[in-house]
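*Asks:* The structure is given below, and queries will be raised subsequently.
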Amino acid sequence: LKCHKLVPPFWKTCPEGKNLCYKMYMVATPMLPVKRGCINVCPKDSALVKYMCCNTNKCN
């Protein structure tokens, strides 16, 4: 699995066990990702931060 880094088109190959791509962004600024990368479990959203997770190549 390959996930985008913070600035596409750059990407990295995920290590074993991290089989989700994720994008983290502030609720107030959904078009500006704060973090991107590989993760093993999608974190829960909070009042300020949201996560978008997916399990296909470079979908974040």
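In case you wondered, yes, glycine gets a Cβ from its N, Cα and C as well.
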*Asks:* Can you tell which of Cys38, Cys42 is bonded to Cys53 by a disulfide, based on Swiss-Prot?
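*Replies:* Its disulfide partner, as Swiss-Prot records it, is Cys42.
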*Asks:* Long-range same-chain neighbours of Cys59 (disulfide bond), Cβ under 8 Å, sequence gap at least 6?
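*Replies:* In sequence order, Cys3, Cys21 meet the Cβ cut-off.
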*Asks:* Whole-number answer please: how many Å between the C-alpha atoms of Cys54 (disulfide bond) and Cys42 (disulfide bond)?
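*Replies:* On Cα coordinates alone, these residues lie 9 Å apart.
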